[in-house]
């Protein structure tokens, strides 16, 4: 029968993480706690930066945007996953989740690259830093990253939803990622798969290489700094590098794989969508004395008021 005469699938069913109800309960409790901590930690960072005048610098402006993106990125997948674990409702229309998943993922990739460039200018060209990274430039960079993320997400979503889906409609995952979805298309997806991997792979790999280049130059330039300058610069860069490693490792694995699934996909996806947004605020606060001091002052002001 011709593909166009077959019933078009609009709803997809997730297999989820497991079909063992005991594990489902344990996963629900663990991921619920992690999601609440993710929201609490990132909101706390945003509030601290907004209400602390001494943190009105480009680095903390980008850090507050990173916390906002982490909240959004986690919220795209985790609530639906928790619903499936608790109520066994594992059906979804994938268009919205596909769009927002790629929007926030691309935005975070570009933001981490911008943050690395910010550290490069601050450490390697400190005299030019106020002119190069003024607040107007920072706002423009954030606008560009959201625009680029939107374009990237539209391309990924369009290439996926334009394919005909006529059954089966079961996805071996807990969210609508592109590789397991296009496997269900009832047509040849070779060309589409190449276009999708080229689009997202180019962004993730090029940004990762830019990050590596930035940190390499920074490390070489630190030889000319004083001992105190090296300590402060390394502390800031180390926290950012840890965030980059946690995000880009799973991201490159997911974004550069072809339209086939691997046995480790779910494990990597859980780390990418649940664990990384949780760890980012803790890494940024535990290694940043200025943020810890600002949080302490905010807490004292609230008590006294």
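We number each residue from 1, going along the chain as drawn.
Using the three backbone atoms N, Cα and C, a Cβ is placed for every residue, glycine included.
Per TrEMBL, the feature domain 'G-protein coupled receptors family 1 profile' maps to 41-284.
The feature transmembrane segment is assigned by TrEMBL to 25-52 (among others).
Summarising the annotation, TrEMBL assigns transmembrane segment to 98-117 (among others).
Residues 58, 61-62, 65, 98-104, 106-107, 110-111, 114, 199-200, 203 of the same chain lie 6+ residues outside the transmembrane segment (137-155) yet bring a C-beta within less than 8 angstroms of a C-beta in it. The transmembrane segment feature in TrEMBL is assigned to 137-155 (among others).
According to TrEMBL, the transmembrane segment annotation covers 203-222 (among others).
Feature annotation from TrEMBL assigns transmembrane segment to 234-255 (among others).
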Integer average pLDDT (0 to 100) for the domain 'G-protein coupled receptors family 1 profile' (41-284): 81
